[in-house]
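Database features, via Swiss-Prot:
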| type | residues | note |
| --- | --- | --- |
| TOPO_DOM | 1-28 | topological domain 'Extracellular' |
| CARBOHYD | Asn5 | N-linked glycosylation site |
| TRANSMEM | 29-49 | transmembrane segment |
| TOPO_DOM | 50-56 | topological domain 'Cytoplasmic' |
| TRANSMEM | 57-77 | transmembrane segment |
| TOPO_DOM | 78-97 | topological domain 'Extracellular' |
| DISULFID | Cys97-Cys179 | disulfide bond |
| TRANSMEM | 98-118 | transmembrane segment |
| TOPO_DOM | 119-143 | topological domain 'Cytoplasmic' |
| TRANSMEM | 144-164 | transmembrane segment |
| TOPO_DOM | 165-193 | topological domain 'Extracellular' |
| TRANSMEM | 194-214 | transmembrane segment |
| TOPO_DOM | 215-239 | topological domain 'Cytoplasmic' |
| TRANSMEM | 240-260 | transmembrane segment |
| TOPO_DOM | 261-271 | topological domain 'Extracellular' |
| TRANSMEM | 272-292 | transmembrane segment |
| TOPO_DOM | 293-309 | topological domain 'Cytoplasmic' |
Amino acid sequence: MEQDNTTLLTEFVLTGLTYQPEWKMPLFLVFLVIYLITIVWNLGLIALIWNDPQLHIPMYFFLGSLAFVDAWISSTVTPKMLVNFLAKNRMISLSECMIQFFSFAFGGTTECFLLATMAYDRYVAICKPLLYPVIMNNSLCIRLLAFSFLGGFLHALIHEVLIFRLTFCNSNIIHHFYCDIIPLFMISCTDPSINFLMVFILSGSIQVFTIVTVLNSYTFALFTILKKKSVRGVRKAFSTCGAHLLSVSLYYGPLIFMYLRPASPQADDQDMIDSVFYTIIIPLLNPIIYSLRNKQVIDSFTKMVKRNV
């Protein structure tokens, strides 16, 4: 039998966002500021919800969970990217790569389920206000949250296990700023067809399920809103739904474009820009979107500031 002299790679190079040295320090500073604001704002929102009994309702229970997931995703991707802006050696080991991918896939999938859960919560609040406390009880809220995190964990675990069937023996250059799944497939020596198929089936099914849940929830909510005769009631309902609809649009927009865009070198660059948006920018925007136009959150923050001044 012929001896197989193929050397399997256990380290990779992340190309990052730019090859131009003059851009590295400005980008480092920009993303460092974004990361710090993201962490402070999301953790601050969690602390605010935790400490104010008036915010201990399902809407803010899920919002606090979303803030945690946003901080998780940002912390999974951004620190390594910041290090690579300054480091001459942008290597990442296979084990580190797998940990980063699992952590990101877990957070991203959990966020999809949380957005769908929050849409259902708004549907019940608008369409069945009298039954809201009965339907959205503590038991259901905990089960919905557990389902979201368990779904994220299992989805990430399945892809993680399937990645270990791949071998890497030619190029060790990952054209991305973090270990995402598709760039890993592109440098695999093993045929990744099964992996691509599972991404299409599992990730596609999750996105379709969560998007349909959001659309159905807000379609019924919209019809209920339009039946309201009170202008104040209509404004309040739209205000309640507006922040979540904006967050959903920002999150799913780049993902949908990535799936629909044909493969090309230009598409790879655009995919990286889209990845920056939903891994770094959206975790920054979500707490701002949900906080700035939310009277209860603003009032709670104001009371907290007055207590501590």
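Glycine residues also receive a Cβ, built from the backbone N, Cα and C atoms like all the rest.
Note that the coordinates shown come from a computational prediction; the quantities given were computed from them, not determined experimentally.
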Query raised in the report: Counting all other Cβ atoms within 10 Å across every protein chain shown, which of the disulfide-bonded residues Cys97, Cys179 scores highest?
Result: Cys179
Report summary line: Given 29-49, 98-118, 144-164, 194-214, 272-292, the one sharing the most C-beta pairs under 8 Å with the transmembrane segment (57-77) is 98-118
Requested in this report: Return yes if the transmembrane segment (272-292) and the transmembrane segment (29-49) have at least 3 CB pairs under 8 Å (sequence gap of 6 or more), otherwise no.
Outcome: yes
**Report entry** Interface-richest range of 29-49, 98-118, 194-214 toward the transmembrane segment (144-164), CB pairs under 8 Å
**Finding:** 98-118
Requested in this report: Return one of helix, strand or coil for Cys97 (disulfide bond), based on DSSP.
Outcome: helix
Report summary line: Averaging pLDDT over all residues of the topological domain 'Cytoplasmic' (50-56) gives 89
Report summary line: DSSP assigns the residues of the topological domain 'Cytoplasmic' (119-143) as 19 helix, 0 strand, 6 coil
